[in-house]
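Each remark here refers to the structure printed beneath this line.
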Ligand code: HGY
Ligand code: MN
Ligand code: MN
């Protein structure tokens, strides 16, 4: 059998090939052909490692190792396998691969746990196709209702259900899962920041995950001729958007304590060089370790919207996602620190500035999360890279943690 590190590198390299933008990073949108290819690979590996595989009504993939206890709740280990546009090869897949390799170690050592172990590959964590994000985990925990799921459309107006059927998935399968069937959720993820690399520490034990919210803002004005419309007779949707967006950083800096705000997407309609923009649609992503800062920035965003809704300009904002800051389960945190020490793997505590499926599962079960270093702190770009030996460290810690959690009462 190939060494653990070699298998990890092979999984990451294989999955990185399933992209719509070869040579320009990973673009793997949910329910795309690239999703289908990655899904087939993950399912093959789950079966190779002796897991019973099923997909739910959202397209989340589960690989189960039955325990000796019948109908007992499972310890879930995994992450997401979708990506941002032109992203990296590790954000998400590293955590799915870590889960797969924990299952491989159970198989290699012919271990049958008391409580079942389930490896999970989650869909649409990034929200790059249907907006919002954390869709796979929100569907499992019931935070995303059946109707909300059905009403989602991508930028071409394709619904989630149509897109699922197109790649052979069945949206009629159950989505929400009874929380009593989940004993714990463990997620390994790349840090996506510079801290672990700068400290030269291979493992970060996550203590808490920031709260976050995302809005889609639409500014509507009046299209017109760029040459014949006097400057004092324009309702220019792009100039208005630009004036608002330019003030966003100040809102976050004013809040302080690590509060951040980002406009990552901006579309202009009709997008003609000699046409005054009629409409702009842009996103606002707000995060902080404290919910009060998020609420303050939302209040100030709404004040900006009100103040710019004049002279023929109409502005609407739709909140696509809101998650409060979440603390990880302290017993699992302590257990993973103890195991890291026993394995003589240096670790430190760390908080997450990125959102993760772990923050959704923390509403319904005990959750633990590990980070590994990101080269140059880069993520959400083709330069994203992490060392397979760090992923192997996390696999060993999760393997010991999973043995404890699948044995303990
Ligand atoms: O946006 C995030 O924090 C995550 O990458 N979805
Ligand atoms: Mn991401
Ligand atoms: Mn991620």
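Each residue, glycine too, has its Cβ placed from N, Cα and C.
Nobody curates TrEMBL annotations by hand; they come from automatic prediction.
The Zn(2+) 1 binding site annotation in TrEMBL covers 80, 91, 189. Annotation comment: TrEMBL describes 91, 126, 380 as Zn(2+) 2 binding site. According to TrEMBL, the feature domain 'Peptidase M20 dimerisation' maps to 211-307.
One way to see the shell of the Zn(2+) 2 site is to take the Cβ centroid of 91, 126, 380; the remaining same-chain residues with a Cβ within 8 Å of it are 83, 84, 87, 88, 92, 128, 192, 379.
The predicted model assigns the domain 'Peptidase M20 dimerisation' (211-307) a mean pLDDT of 98. For the binding-site residues listed here (80, 189, 380), the lowest count of other CB atoms within 10 A around the CB belongs to 380. Each residue contributes its Cα atom, and for residue 126 (Zn(2+) 2 binding site) and residue 91 (Zn(2+) 1 binding site) these two points are 10 Å apart. Highest Cβ count within 10 Å among the binding-site residues 91, 126: 91.
Taking 80, 126, 189 as the candidate binding-site residues, the subset whose CB lies under 6 angstroms from any atom of ligand 1 consists of 126.
The Zn(2+) 1 site, placed at the center of the C-beta atoms of 80, 91, 189, has further neighbours from the same chain whose C-beta lies within 8 angstroms: 79, 90, 92, 93, 94, 95, 125, 190, 356. Geometry remark: residue 189 (Zn(2+) 1 binding site) versus residue 380 (Zn(2+) 2 binding site), CA distance 13 Å. A separation of roughly 14 Å, to the nearest angstrom, links the Cα atoms of residue 80 (Zn(2+) 1 binding site) and residue 380 (Zn(2+) 2 binding site).
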